[in-house]
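Enquirer: Just lifted these from Swiss-Prot, have a look:
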SIGNAL    1-18  signal peptide
DOMAIN    45-174  domain 'VIT'
CARBOHYD  Asn107  N-linked glycosylation site
MOD_RES   Glu271  4-carboxyglutamate
DOMAIN    297-457  domain 'VWFA'
CARBOHYD  Asn434  N-linked glycosylation site
MOD_RES   Ser455  phosphoserine
MOD_RES   Asp691  aspartate 1-(chondroitin 4-sulfate)-ester
MOD_RES   Ser875  phosphoserine
Amino acid sequence: MKGLTCFLLCFLLSEAQGFEIPTNGLSEFAEYGDLAELALGKFHVVPGNRRSQEGVDQVTLYSYKVQSTITSRMANTVIQTKVVNHSPEPQDVVFDIQIPKGAFISNFSMTVDGTKFTSSIKEKTVGRALYWQARAKGKTAGLVRSRALDMENFKTEVNIAPGAKVQFELHYQEVKWRNLGSYEHRIHLQPGRLAKHLEVDVQIIEPQGLRFLHVLDTFDGHFDGVPVVVKGQQKAHVAFKPTVAQQRKCPSCSETAVDGELVVMYDVNREQKAGELQLFNGYFVHFFAPESMDPIPKNILFVIDVSGSMWGIKMKQTVEAMKTILDDLRAEDQFSLVDFNHNIRTWRNDLVSATKTQVADAKTYIEKIQPSGGTNINEALLRAIFILNEANNLGLLDPNSVSLIILVSDGDPTVGELQLSKIQKNVKQNIQDNVSLFSLGIGFDVDYDFLKRLSNDNRGMAQRIYGNQDTASQLKKFYNQVSTPLLRNVQFNYPQASVTDVTQNSFPNYFGGSEIVVAGKFNPEKLEQLQGIITATSANVELVLETLAEMDGLEAFLAKDRHADPDFTKKLWAYLTINQLLDERSRAPSAAVKKKITKSILQMSLDHHIVTPLTAMVVENEAGDERMLADAPPQDQSCCSGTLNYGRKVTPNSLPSWVNPLPTPRVPLPAVGPSVIEATPPPHVMRVENDPHFIIYLPRSQQNICFNIDSEPGKILNLVSDPESGIVINGQLISAKKLKDGKLSTYFGKIGFYFQHEDVKVEISTETISLSRGSRVSVLSWSDSALVLNQRVHISVKKEKTVTVTLDQEVSFSVLLHRVWKKHPINVDFLGIYIPPTTKFSPKAHGLIGQFMHEPEIRIFNERPGKDPEKPEASMEVKGQTLVVTRGLQKDYRTDRVFGTDVPCWFVHNSGKGFIDGHYKDYLVPLLYSFLKRP
C-alpha cells in the first residue's frame, strides 16, 4: 500500500468542540472558535452571555489561592477561587485550570449563590448515565471535562446572577519524580485578572532532609523579592502573595502580570546507598537514588526519522541536538546511527567506539541528511535490533554494558509494515531482553500511544517532543536522563511473609539523577520493622544493599507538623499501582487479562476517590437534580485489535530478509462468518461533522489538511467518482432545525455508494441502510447489528454505531451514526464517513476526496503567529499557488463517539480554494448515485 493517500471525512459539530455545558439554559457546548479564544488556565468572564469584554470589571476575582503540601514526594494541591458579580446583569464565569499531566483529580466542589455542588467518583459508564438522566430532564448544570495535551485542563462555566458569589475548589494529587538530580513542583498561575487576595503556599516535608531548595523566576523579574522561602533541615515553606499593586503589569495597568508558573526545585539528602525505606499506617515506600558511582558503558543505537515531514525546523533542531549528544558520548561507549525514510541507511553497519574521530565522522554524516520520502519504522527498528543482536552474538559487547535504542520520529509509518500492533509484535519478538527501547515522538502527528506501548513493552519509556524552536534542548534533556547508567538488573526484595501488593520491584537500569520508587502494604500489628535488600550490578561489582526501617520511625516526626499528610504512603502506593496497572492494561495479551486488570483499576479508583481513565466524577447539588461530569483524559489504546485489515491488503512479509531469511507466507483474510465484522480503524482517514469539515491526510508530507464546504441542505456533494473502476461515493446534506448565531449548520444526512461493475447501490441514512442489487432490495435498521453478504460487497452494521461497506474483502468504508437527543432544539442526527487508502481507485478518480488519491506536492513554510495566539498561520505551496493556512484542531469520532479525539491540521480558507481543483460547486451532482461530470 505504498504511496497511497489516507483519507478521513466527517462533519464536526461546532457545538461539540467545547468541554462545558453552561448553566441556566445556555448553549450545550461552547463554540469552537470561542473555545480557542479562551487561553488555558485562566479565569474568564463572559459578560451578557457573549464573548465580549465590555464591563468585565463589574465581576471581581475576590481571591485566588493555591495550597500545595509535599510529604515525601507525594504532592496534594488545592486551588480555590471566589468570584463576585457586581454587575446588574447575569454573568458567565469560566473556571479554567491547568494541572500537571498525570495528576489525579480527587475532589471538586463549587458554591453558586448559596447552592453547593459536591463530587463523588463513579465507574465511568455509571457516571455518564447519571449525567444523561439529569440532562434528559433539563437538570444539567454543566459539563466539566479534563483533557490531555502537555497539561490537562479542568474547566467549567457557570452563570451567576447580579450580586451573586461563586466559589470553586479543586483538589489533585501527584508524585514528584526526580529528574536530572532534582524534584520540580510546578504550579500554573493564570488568574486572567487582578485578584484582591492572591496567595500561593507550598509546604514541603521531607524526612530525609532537604539538600537544597530554590524558586525559579518565570515572570521575567517582575516579582523579584515577592516569593518568601523559609527552609529548615527537613521542612520548607514557599509563600507567594503579591499585592494588587504588585500584580499589575505596570503601575497604571489594569492587566495582571501573574501569567506563568511558580516552580520550586529541591533535592533531599541521601546517607544510605540502600535508599530510604519509610513505613507508616500499613504502607511502606522505598526511595532509591544512589550517586557517586562509575558510569556503566553504553551500546547505543540512534534511530532517526528523516522522512519528508522532518523537513525544516524539526530536522535542523534534531541535527543540532544529535551533534551535542554525540559529543557527550564517553570513550568507553559504543554507538551507531540508523536513519530512515522509505529506505533504511546506517552510518556504520556495526557498533564503533566513541572516539573523537568516529564522533566527528558521525557528526558530518548527520549534517548531510536531507529529509524526504515516507516512514518505515518497522524495518528501521529491526535493523537497529539486528546490529545489537549481531554484536552481542559475536561477543563484541562488554558483558557489563547497557544496550539502548533511541527512536526519534514525527509520524506514523507510511511505508512497509503499517499495522502498529504488528510492528510492536515484530520488535518484541526480535529484541533481546537486555536492550531498552526509548521513543521520542516529535509533534502531534505521531501516534504517541503507540510509541508508549512500544517502549513500555521493551524496558524503556516514551516522551513527546514539541516540534518547535526548543526541539534541540528537549532532545538533549531527554538524552541527559539516560546518558549515565549507574546500575543494571536492579531488584528490590522484601520478606514475603511481611509484605503484600508490592509495586514494580525489578528494573533493567538505574540512570544517574533519577530515582526508583517501590511501595507496598504490610500489617502493622504483625510487624515492628521491615528489611529491604537491593541487588544490582554496577560498573565494577555485584551489589547487595540492605536497609532496615522501624515501624514507629515516622510517627513522631509527622505528628509535629500539621501540614504533613498522614496518608502519604497510602496515596503514593495507590498512585504507583494504578499507573502500573494502566500500563499493563494497554499491553494486555488477551481480552480476559485486560478485563481482570480493568476490574482492579476500577476498584482502586473508587476506593481512593480519584478520577482515572475508567472513572468519572459526578458533581451535583444537595438535591441531586443538577449534575456535571468530569472524565479523565482519553486512555491509551489497548490490546486485542480486530482481525480485519481496515482498507489495505495484508503485507506478505513485514520482516526484512536480513532478519528472517524464510519469507512468511501471505496471511489470508478472515473468512466472513455469520457474526458482525469489527476491526481496528486505520490511523489516518477523514471525518466530517457540519458545514462539512474535510480532513485530508497526505502521507508523503505527513500533514493533515482540512477545509470546510458551506452549501445548502438538499445539495449532493461528490466525494469520490471513478468511472474506470465504476465507484461513486456521494453525500446529501441536511440542515439543523433552526439558525444558530445567524447560521444554519449542515450535515450529511445520506451517504450513497454505487459499485457500477457489481450493479450494487448502498444508501445509508440516519434511519435505515438499504442494499440494492438490480431489482432486489435489502433494508436494514440501525437498531440491530446485522451482516449482509453479496458476492463482492459486504455490509456490516454495528448497532447504533457504524456501517462498514467492504468491497472484495480488500477495502472498507465506514459510516458513523451521530445521534442527538430527540428534543434537541437545534441539532439533528447526522452521518460521518471515513475513506481509507486503497488501490481500488484508478488514476481517473476525482471528487472532493478522490482527487487526493494521487497526493499533490505541498510545502508548508513561514510558520508565524496568527491573529489568535492559539492558532498559528503558515504559507502553503500547492498546485502552483501559495495559500495562507491556519493551524487548528478537528475531531475524529471513530474511537470516542461522544467526545472525539483531537486531530491537528492546517486549515485552508474559502471552501478549500486553491487546494481542491476548481470551485466546490463543481462537485455538486444531481442524484445520490451520479458520477461527477468534469468540465
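Cβ coordinates come from backbone N, Cα and C, glycine included.
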Enquirer: What is the Cβ neighbour count of Ser875 (phosphoserine) at a 10 Å cut-off, with all protein chains included?
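Expert: Summing over all protein chains shown, Ser875 (phosphoserine) has 14 other Cβ atoms within 10 Å.
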Enquirer: For Ser875 (phosphoserine), which of the recorded positions Asn107, Glu271, Asn434, Ser455 has the nearest Cα in space?
Expert: Ser455
Enquirer: Validating a neighbour-count step here. Other CB atoms within 10 A of the CB of Asn434 (N-linked glycosylation site): how many?
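Expert: So the Cβ neighbour count for Asn434 (N-linked glycosylation site) comes to 18.
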Enquirer: Let me know the model's mean pLDDT on the domain 'VIT' (45-174).
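Expert: Mean per-residue confidence for the domain 'VIT' (45-174): 79 out of 100.
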Enquirer: Enter the number of other CB atoms within 10 angstroms of the CB of Asn107 (N-linked glycosylation site).
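Expert: For Asn107 (N-linked glycosylation site), the count of other Cβ atoms within 10 Å is 19.
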Enquirer: Cβ distance under 8 Å to Ser455 (phosphoserine), same chain, sequence separation 6 or more: which residues?
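Expert: Result: Leu437, Phe438, Ser439, Met461, Ala462.
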Enquirer: For the residue listed as '4-carboxyglutamate', what residues in its own chain, 6 or more apart in sequence, show a Cβ-Cβ distance under 8 Å?
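Expert: Within the chain, the residue listed as '4-carboxyglutamate' has Cβ neighbours under 8 Å at Gln208.
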Enquirer: In whole Å, how far does the CA atom of Asn107 (N-linked glycosylation site) lie from that of Asn434 (N-linked glycosylation site)?
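Expert: Asn107 (N-linked glycosylation site) and Asn434 (N-linked glycosylation site) have their Cα atoms 42 Å apart.
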